[in-house]
């Protein structure tokens, strides 16, 4: 089962993903893509860590997501990735278009092949106005294209608003 959970900042998407992982009854590997570039992000990361059960395996991978998924995925394991848009940001800031393209394609290729349960969390960025800056516009565009491609490969897609899951594809939660 592959789940994509979308939502805005502080929408409850991570809590929902963590709940689904815990309820799966499987061993959980939590793949964190965030990097603590400043104090505020460091506090967010600490908040997420504090919420996770101690027995969950945590891996921090800001760039090579597909390789990490391939190495961790197995029947009887749940992989929770939080989050795709931070991973995308990390790749955009690498300023290496070939790396971005390669990592994105590797992720899309491996999703259909992975055994076990996969839960992907991402920020929906396309509901606001078109950003003024070139990099910001590219980020919103890349996130939108990535979400479409991943949603196509997932059995269930859920949009989270105010802590409430709204089904977009597949069985409602």
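Counting begins at 1 with the first residue displayed.
Backbone N, Cα and C atoms are what each Cβ position is placed from, and that goes for glycine too.
As recorded in Swiss-Prot:
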| type | residues | note |
| --- | --- | --- |
| ACT_SITE | 48 | active site, GMP-histidine intermediate |
| BINDING | 7-14, 32-34, 49-52, 60, 82 | GTP binding site |
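Overlay of Swiss-Prot annotations on the structure.
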{"residue": "7", "record": "GTP binding site", "Cβ within 10 Å": "25"}
{"residue": "10", "record": "GTP binding site", "Cβ within 10 Å": "11"}
{"residue": "13", "record": "GTP binding site", "Cβ within 10 Å": "26"}
{"residue": "33", "record": "GTP binding site", "Cβ within 10 Å": "23"}
{"residue": "48", "record": "active site, GMP-histidine intermediate", "Cβ within 10 Å": "18"}
{"residue": "50", "record": "GTP binding site", "Cβ within 10 Å": "7"}
{"residue": "60", "record": "GTP binding site", "Cβ within 10 Å": "13"}
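When secondary structure is read from DSSP and collapsed to three states, residue 33 (GTP binding site) falls in the coil class. Here the C-alpha separation of residue 48 (active site, GMP-histidine intermediate) and residue 7 (GTP binding site) works out to 16 Å.
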